[in-house]
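Asker: TrEMBL lists these features:
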BINDING   B:GLY13, B:ALA14, B:GLY15, B:GLY16, B:VAL17, B:GLY18  NADP(+) binding site
DOMAIN    B:13-147  domain 'Aspartate/homoserine dehydrogenase NAD-binding'
BINDING   B:THR96, B:LYS120  NADPH binding site
DOMAIN    B:155-358  domain 'Homoserine dehydrogenase catalytic'
BINDING   B:GLU212  L-homoserine binding site
ACT_SITE  B:LYS227  active site, proton donor
2 protein chains.
Amino acid sequence: MGSARQVNIAIIGAGGVGRCFLSQLEQLVKRRPEPKLALVYISTSKKAFYTKDYTTIVLNSAVSNLASSTETPLAPAALADYLTGSSSKAIIVDNTSSQDVADAYPLFLSRGISIVTPNKKAFSGSYKLWKDIFSASAQSGARVFHESSVGAGLPVISTLKDLVDTGDEVTKIEGVFSGTMSFLFNSFAPTSGSGGQWSAEVKKAKELGYTEPDPRDDLNGLDVARKLTILARLAGLEVESPTSFAVQSLIPKELESVASGDEFLEKLPQFDSEMEKVKAEAEAEGKVVRFVGSIDVGTKQVKVGLEKFDRSHPIAALKGSDNIISFYTKRYGSNPLIIQGAGAGGEVTAMGVTSDLLKVLSSLS
Amino acid sequence: MGSARQVNIAIIGAGGVGRCFLSQLEQLVKRRPEPKLALVYISTSKKAFYTKDYTTIVLNSAVSNLASSTETPLAPAALADYLTGSSSKAIIVDNTSSQDVADAYPLFLSRGISIVTPNKKAFSGSYKLWKDIFSASAQSGARVFHESSVGAGLPVISTLKDLVDTGDEVTKIEGVFSGTMSFLFNSFAPTSGSGGQWSAEVKKAKELGYTEPDPRDDLNGLDVARKLTILARLAGLEVESPTSFAVQSLIPKELESVASGDEFLEKLPQFDSEMEKVKAEAEAEGKVVRFVGSIDVGTKQVKVGLEKFDRSHPIAALKGSDNIISFYTKRYGSNPLIIQGAGAGGEVTAMGVTSDLLKVLSSLS
């Protein structure tokens, strides 16, 4: 039946982040015998593997068990029934980017099941879903943590929560929130040297695996808009959705509707002069251009798009595909609290999920 | 008697940080009615004020009650008896920098009393005390948090713990860990312009309240050594004490034994040529000099002292009295995870204490 000293884990999603998380969980279980973490359920969008009696799935065979399984995933209500059928507490680890899974969070939480996830959809969708999630959590006492929804494993969400919860007044949040955009602009408009052609840098980023399969899914700015929505809400603004504020897309209008990412990449060089102009304008002021997001809490203004920065500005001096997030607050005064480092990648994203899992465990003990 | 839904708070220390904490606690109690936080004891090194029946002291009269009290502080064992005499859980907030209070942590923790504190002494004293603290905590389940012992409210300790607890391998930690040293070197050897005379900058820092009453207490490097000791231990090194590794003192030998801070400041200009030489050597390499601490986990080497940095290095580009801490880890690769911002000051130090208090409360619920 599962014992009280056991905590049941259900993992949804077994892609890049999911596999890194599984491997971190395996290490964690070796280091920390108490409480006993039992992986009882794992699923993708098509398949599921789980134990009827809540015995643990051997962690290093979870992926192969899943591959050979003929079961389909449980619907949210059935998954909740399954998990609450044990006397042990349960935690769902959602390693998908699925809106459907996100929509089920209020149900899971209301049934006392805690959630840890890097899935942005739950926290950047409708404001109603946001409210439903946190009120379900407040009522049942089940916890929900989502550190990796912004900046992967970087301590961004926890730091913002700490600032707000201890009564500081956050006045502005600004930064580079996309590893892809960071890489593109650090190469296209470096602080020293002239940088590459825009279309060539986009192509290179895709080849290095830094973009989505269709690079337009990065260049439309929506990923950054989702992260800004999450931070703005945590800072107290009732942002309705990631499309309810100004988001600058770097997709030329003429290429918005071309059929494929490949066709997009093929035609992008025709529009290089537009980005060159933007770069030259910044250079004329002794600056460089970067793709940033900002939240002005006082004026409730959320913005995503291109801005110019002095070459000595921390945002200009970023390296590789690093993120940087600056929190301006009343207590910190004119110099912001800054967090910087890799904001994408399976291992660091899974790290945020694992550390969230440890936070839930600490609150259960 | 105090109820189970009540959590009793005992504050030791009512100086700069203590008063900021009291004000943050007052705001916190207004925002969060549950659990009921009851300040039952407050003391300085000379006086104490507490309620025999665990009713709460009105927060905004705690300092005046303390000032007019004729009671002396309870000895550690008596304080533990007093706090465990209530049916409510208890948390001690140690806002002192007292070694005596730190030495009593194992006693408090073994009696089930949790501790939150910015006091470095407990975690940077003997390695035996460190072990006694964490084994007492592990045995009783009482929690101990000390975010503000390094970098004030910056999320330094929690981030390092998350890295280690999720199984990342920390290879190197490097940074500027002293607001005073940061201010001194940012003014003495700025990245652009020539900067001031060393002795004049020390005098200015003292006048601005950025140094201890005797500036030698900053210039001897011990404060940084204590912080490095804490981080090295969290990274897994058994550092015996803050004097068991190389610490460079910026006090000229001849001035180590002069009677007062004032006499020290008066005579310091005689030694300006030494610091000018250090600055010129760095400049000849196109670099600037900074006072940094570093921990190489692999070679177990901990160092505190002067080092040269390229002008574009984040450590060189620091502003004001900001701290910067870089974590190099296996998962983060060549670009470190960086945390930067004000690392000193009453409000931000108290913020770390308040957020630690929230972590303890979350684990009690």
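Even glycines carry a Cβ here, placed using N, Cα and C.
Heads up, TrEMBL stuff is auto-annotated, nobody curated it.
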Asker: Centre the Cβ atoms of B:GLY13, B:ALA14, B:GLY15, B:GLY16, B:VAL17, B:GLY18, go out 8 Å, and tell me which other residues of that chain have a Cβ in range of the NADP(+) site.
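Answerer: Result: B:ARG19, B:CYS20, B:PHE21, B:ASN95, B:THR96, B:GLY346.
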Asker: Between the recorded positions B:LYS120, B:LYS227, whose Cβ has more other Cβ atoms within 10 Å than any of the rest?
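Answerer: Answer by Cβ density within 10 Å: B:LYS227.
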Asker: Determine, to the nearest whole angstrom, how far the Cα atom of B:ALA14 (NADP(+) binding site) is from the Cα atom of B:THR96 (NADPH binding site).
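Answerer: Rounded to a whole number, the Cα-Cα distance is 8 Å.
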Asker: Report, as a single number, how many Cβ atoms besides its own are within 10 Å of the Cβ of B:GLY13 (NADP(+) binding site).
Answerer: 23
Asker: Other than its own, how many Cβ atoms are within 10 Å of the Cβ belonging to B:VAL17 (NADP(+) binding site)?
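Answerer: A count of 26.
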Asker: Three-state secondary structure of the residue listed as 'active site, proton donor' from DSSP?
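Answerer: Where the residue listed as 'active site, proton donor' sits, the three-state DSSP reduction gives helix.
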Asker: Pick from B:GLY15, B:GLY16, B:GLY18: which of these binding-site residues has the biggest number of other Cβ atoms within 10 Å of its Cβ?
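Answerer: Of B:GLY15, B:GLY16, B:GLY18, the one with the most crowded Cβ is B:GLY18.
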Asker: Within 10 Å of the Cβ of B:GLU212 (L-homoserine binding site), how many other Cβ atoms can you find? Include all protein chains, please.
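Answerer: Step by step: centre on the Cβ of B:GLU212 (L-homoserine binding site), count other Cβ atoms within 10 Å, giving 14.
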Asker: Starting from B:VAL17 (NADP(+) binding site), work out which of the recorded positions listed here (B:LYS120, B:GLU212, B:LYS227) have their Cα within 10 Å, and give them in sequence order.
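Answerer: So far as Cα distances go, none of the recorded positions lies within 10 Å of B:VAL17 (NADP(+) binding site).
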Asker: Taking the Cβ of B:THR96 (NADPH binding site) as the centre, how many other Cβ atoms fall within a 10 Å radius?
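Answerer: Its Cβ has 23 other Cβ atoms within 10 Å.
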Asker: Using Cα-Cα distances with a 10 Å cut-off, which of the binding-site residues B:GLY13, B:GLY16, B:LYS120, B:GLU212 are near the residue listed as 'active site, proton donor'?
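Answerer: Those near the residue listed as 'active site, proton donor' - Cα within 10 Å - are B:LYS120, in sequence order.
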Asker: The residue listed as 'L-homoserine binding site' to B:GLY13 (NADP(+) binding site): how many Å between their Cα atoms?
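Answerer: Just about 18 Å between their Cα atoms.
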Asker: Pull the DSSP breakdown for the domain 'Aspartate/homoserine dehydrogenase NAD-binding' (B:13-147) and write it out as helix, strand, coil residue counts.
Answerer: 65 helix, 23 strand, 47 coil
Asker: What's the CA to CA span in angstrom from B:GLY18 (NADP(+) binding site) over to B:THR96 (NADPH binding site)?
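Answerer: If we compare the Cα positions of B:GLY18 (NADP(+) binding site) and B:THR96 (NADPH binding site), the gap is 8 Å.
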Asker: Let me know the model's mean pLDDT on the domain 'Homoserine dehydrogenase catalytic' (B:155-358).
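Answerer: PLDDT averaged over the stretch: 96.
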